[in-house]
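Trainee: Grabbed the feature section from TrEMBL, which reads as follows:
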type: BINDING; residues: GLU95, ASP181, ASP184; note: Mg(2+) binding site
type: REGION; residues: 142-169; note: region 'Disordered'
type: COMPBIAS; residues: 158-169; note: compositional bias 'Polar residues'
type: REGION; residues: 269-289; note: region 'Disordered'
Amino acid sequence: MSFDDDASLDTIDLAVLLSTCIDACRRGCEVIRNVRHKSLHGTSDILDSVLYKIADDPRSALTEADGASQKVIIECLTSCWEKHIKAGRIRIVGEEEDEHSTDLECDNSFDTAYSEDIMSHFDNYNCPRPDLEPIQRDMFESVSSPGCSKEPPESTEIGDSNISKQGESVTQHDEIIIFIDPMDGTREFVEGRIQNVQCLIGITVNGLPVAGAMGMPMVHDHQIEIAYGLITPQKTNNMEESESVTTTTVPVLSGVKFFESINPLDILPKPTKEDQDVAESGNGADDDGTLMVYSGDSMKPALNLAMDCLENRILRGTGEEDEVNIIPGAEEGVNSMHPPIRKIVAGGCGHKILSLQRHVQSLSSRHKSDEQEYTTVGAISIGPPGSSSWDTAAPTAVLLAVDPNARVTDLFGQPLIYDGDNLSNKLGIVVSSGYVASRIHEALCMKLSRDEALHEVLGVSMSSKTQSNALELDNL
């Protein structure tokens, strides 16, 4: 029974929608844990049965866990918002759907535990069924509706910041799209770097990421961790320029929830050097003045060009044209825009962005009680073409809910597009958080926008780099 039976189609409370996405994400994580557990105990050949969207490319791996998790997530959301979906008020776009369509029928390329009876599908993966344990919609406020779970599953919560007591609402004039990546980091799953695997559900309104749930199914032995965030764009008129409108990000909700898992994961691999590097950066183990740079191990020319520009033209620039303005208040004779860097190779788009966020959070917490003003260097992440809307929607919203001044753009400094049709981030991505990092971000994108070699690699002309349907940068 859908709990939107008595609800109006005119308005949708985003806090309620986020709550259902978090619960759906939790159940998607249970599926991933279940498949992993079976593979470790010899009841599944998942690690030997892998499809590749691109022949022999490990980054394009597709496993049973991807399809099974998405099927569970879509069923959970459909059980909650069926009327809204059928009426076109909510559109769902999932990575594993055939040709990226928004039909609610999932591709069953892996049918190890597939069943036409969707509830049997939940049972096959030891995942809580929504008909027996209704999806929770009131994690953030008291809501009573038919089919709504009033009692939350066993969970704990840390770091919650509820800035607005009332859920942000959208009307029938707003376009809502839910982007699902049922298992971000499939390559990491296949290769055993399971701490990097995430389950992502992002919500966009009118082309802007506003809410997200980032599930980490295999970071803890007995728990599922989910980071979440909700923001609202707020437009204000510029008094000095009557026609100028500025859009700022206002955080509404942010935090982390922990759910007790019903699927065991009793064999965790030893942390790799990559895991240790990311953990240290998240704990603020590095010197405050170091710029953390997160990227993957891709050998794509676009990434090489961007990294070379960052290191040799921005951070080490000595000529007048390469010089970046000195930070106001920096020590005399010290250019804070040229900090030392530490490069960290990390897998999974969501994992990189969350690692960046947590590093800056750690630094901010460390200096929260400082009496003197502290300038955060922060972190930056650079990715070549290859990610898609479902990879970046949720992480962007979660990041902005913590740091409303964070930046997420393509390599040329333009906002990413979330229209549900242009799904590939064809011009790569740059993410930054922290005052110095955001300035470096801006300088890097400016240089790259004039880089003929990068334009040639990306297959775009110098005049077409600014896409006509891109939103204004301030909208982020």
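In case you wondered, yes, glycine gets a Cβ from its N, Cα and C as well.
Curation does not apply to TrEMBL; its annotations are automatic.
Each of the listed features needs to be described in terms of its position in the shown structure.
Mentor: Cβ neighbours of ASP181 (Mg(2+) binding site) (same chain, under 8 Å, six or more residues apart in sequence): GLY94, GLU95, GLN198, CYS199, LEU200, ILE201, GLY350, SER388, TRP390, ASP391, ALA394.
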Trainee: Identify all same-chain residues not among GLU95, ASP181, ASP184 whose C-beta atom falls within 8 angstroms of the centroid of the Mg(2+) site's C-beta atoms; report them in sequence order.
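Mentor: Going along the sequence, the neighbours appear as ASP66, ILE180, PRO182, MET183, CYS199, LEU200, GLY350, SER388, TRP390, ASP391.
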Trainee: Work through the binding-site residues one by one (GLU95, ASP184) and point out the residue whose CB has the fewest other CB atoms within 10 angstroms.
Mentor: GLU95
